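S.K.: The following block contains the structure, expressed as structure tokens.
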Amino acid sequence: MRRSLAPSQRLGVRIKSKDAFTPPLQKKNKRVCQIELQKRQSALRDATNTVELPLPIRFTANSDYEQAIAKVLARKFKVPIANYVPDYGGNRTLGVRRSIVRRALHDPQACNALVLYTPPAYTEHERMSLDPSKLQVHVVVDPILSNVLRPHQREGVRFMYECVEGKRGNFNGCIMADEMGLGKTLQCVTLTWTLLRQSPDCKPTISKAIVVSPSSLVKNWEKEFTKWLHGRMHCLAMEGGSKEDTTRTLEQFAMNTATRCGTPVLLISYETFRLYSHILCKTEVGMVICDEGHRLKNSDNLTYQALMGLKTKRRVLLSGTPIQNDLTEYFSLVNFVNPEMLGTGSDFKRNFENAILRGQNADSTDAERERALEKTQELVGLVNQCIIRRTNQILTKYLPVKFEMVVCAKLTAVQLQLYTNFLKSDQVRRSLADCTDKTTLTALADITTLKKLCNHPDLIYEKIAAREKGFENSQNVLPPNYKPKDVNPELSGKFMLLDFMLAAIRANSDDKVVLISNYTQTLDLFEQLARKRKYSYVRLDGTMTIKKRSKVVDRFNDPATDCFLFMLSSKAGGCGLNLIGANRLFMFDPDWNPANDEQAMARVWRDGQKKPCYIYRLVASGSIEEKILQRQTHKKSLSSSIIDNNDSAEKHFTRDDLKDLFRFEANVLSDTHNKLKCKRCFQDVQRQPPPENSDCTSHLSQWFHCSNNRGLPDSILSQAWMASKCVSFVFHHRSQGDAKQPTCITEDNHSEQPQLNSKRNANSVLENDDDEDFDPNSSDEKFLGF
């Protein structure tokens, strides 16, 4: 069939003009196309045989309608990346750099702008006489960060910037001592990003920075930089790898002297930094940040000396625990960030330490005490220029309520028999007879044995089976059906209470739980109990690799996973982990250092937590665990001072100290409550409530005291108290200081305790309380009298 021709082909008329362009003919065959192309080229050639290309096709609008369509089609170019946000200079066009007026990277007049530096105000006459290329500009925090910073975080960023830039004095270092959960990491990310991008001179202040942290937190720092900066900056995280690869990578980082590096921030652990310090100390670094900086309290260790050799004047030290009780440690931390502030070690002793310690002696004169007070005030006033500390009272504005409970659990009959037999043994008697270094070491081992026995007899079964000193005749104490590899909660008061509470939580709520212990052997028992009750769980201890830790934490925090328990070794993961997937935490055994326990217990009440939190500290009634708790309380009450010269509560024991530790207080509800000599309680029953301005950060004497399960803020604990019959006493309080709570009900004032019959009951809190901020200066802390 013959193909019909188009009208233009039938007419044979084509317009040939240099000013007009006609659409090509429909393709017939290759020969016809070549002929047509030659015709077009010949029509465009001039006398010099130069081709004049036609103008590009343009849309011609002949009516209002056509103009409207043209506006729609002529839309502005859009970057084809989802949720793309330009970092800076988004309105700039390509081309030759134009001479423009120097201006800040971000608008200082914008809403919610955080201005860290304001240049001097010049008159128009002064501005004309100055060199335009040297005019200073505002330093403004990137809006992507300033819009998410809370008021206390904005204050912290401003404080650190002024310190590292020397605006607050003749120094360039600072200590960020905020308590856990206040966002120290976000504040440091903001400071680092600002210094890498801005300065009053319209150029970066620094080109590189190093963040040194425990190995378990290196990955967390990388996630925080990515999270808050939305991937605008790449960090170099040193996680494992061979020695050759690590050396090559660090050498490339050290030798990179460009103003803008591809990876300007190095994330490295303390151990790796110490091993490769000879590489990193070759060149200058803009700033170093030391996370968990209390590791640097000893100026004689190799890590401290390696970091001191780093060529940088800007040093930031982060520590969520207060600087406590030792002037030498105090000097080491301050001297690291600002080496010249307190002089040399001998200068510090001569000017401050000797006078302060002399005034603390029991036989000191009034003049020596007065001079000690003067020197203390002088020292605090000097170092406060570079130290900022805020308590987690601030979090009460942003986080759900937190309930803290110290639960005294009675020893079982088996535990009590083993405990008393060991105290009466020749092993303990010899330890108390003399206080030489050798016997002190033996006493420390005996203390550890008693602490493990308070957890569960399984932890000392090997000593019992081997008939070691102190357990020669203890084999008969264990029940006939005893199996060491099959955990029996009924042999331990604390384990029995834990078993009942976990069952109640699992049956009546969707809460997740964190279990923390100082001993991996206790974690083994947790695992056996979880398998016995068919609870899903994850475990993190020192044997887990750094990469796997991050995956385990992410899995547990995922609401979609049915992971009920997170078992944590306080030595391996007590610092820096964010476990907001859980809202209940059990601290199964106390540590000598209260800072270690506080770090571990701060894993759940953090930014991102959506549910009320319950913190349980379990101690065995009348045992050595209560003695440790009392020493913790005494040490915490001294935390506002820097005067106590005790290095470690576990290393300097007098004979009287040891006798007190090895004394078992039988038939008491709580030895700690007895030593408080509480005037609000009569015969262990509370008659008066605590002060209205108290909260869970106050001294234990200002907490609620309960000798029965009535008046407890947690119905889970109340039910477990009745079911297990092993709880003797409870101290409890909440995070909001002015919250109205019921006093513990006496026998004469009965009220029915609500039973656990729904998931809503399990999280019973007063959600409508209008809590105000707590004033930390209004608390009147008291010392324990022991």
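Even glycines carry a Cβ here, placed using N, Cα and C.
What you are looking at is a predicted structure, and each value in this text was computed from that prediction instead of being measured.
Straight from Swiss-Prot, here's the annotation block:
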- THR22: phosphothreonine (MOD_RES)
- 165-340: domain 'Helicase ATP-binding' (DOMAIN)
- ASP178, GLU179, MET180, GLY181, LEU182, GLY183, LYS184, THR185: ATP binding site (BINDING)
- 291-294: motif 'DEGH box' (MOTIF)
- 497-654: domain 'Helicase C-terminal' (DOMAIN)
- 740-786: region 'Disordered' (REGION)
- 752-766: compositional bias 'Polar residues' (COMPBIAS)
S.K.: Determine, from DSSP, whether THR185 (ATP binding site) sits in helix, strand or coil.
M.R.: helix
S.K.: Could you list the residues of the same chain, at least six apart in sequence, whose Cβ is under 8 A from the Cβ of LYS184 (ATP binding site)?
M.R.: GLY156, MET176, ASP178, ASP291, LEU318, GLY320
S.K.: Using DSSP, how many residues of the motif 'DEGH box' (291-294) fall into helix, strand and coil, respectively?
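M.R.: Here the numbers are 2 helix, 0 strand, 2 coil.
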S.K.: I need the neighbours of the ATP site defined by ASP178, GLU179, MET180, GLY181, LEU182, GLY183, LYS184, THR185. Which other residues of that chain put their C-beta within 8 angstroms of the C-beta centroid, in sequence order?
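M.R.: So the extra residues in range turn out to be GLY320, ASN392.
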S.K.: Might you list, by sequence position, any residue in that chain lying six or more from GLU179 (ATP binding site) with a Cβ less than 8 Å away from its Cβ?
M.R.: GLY320, ARG389, ARG390, THR391, ASN392, GLU598, ALA602
S.K.: Specify the count of other C-beta atoms within 10 Å of the C-beta of MET180 (ATP binding site).
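M.R.: Around MET180 (ATP binding site), other Cβ atoms within 10 Å: 19.
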S.K.: Grab the pLDDT values for the domain 'Helicase C-terminal' (497-654) and give me their mean, rounded.
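M.R.: A mean pLDDT of 82 is what the model gives the domain 'Helicase C-terminal' (497-654).
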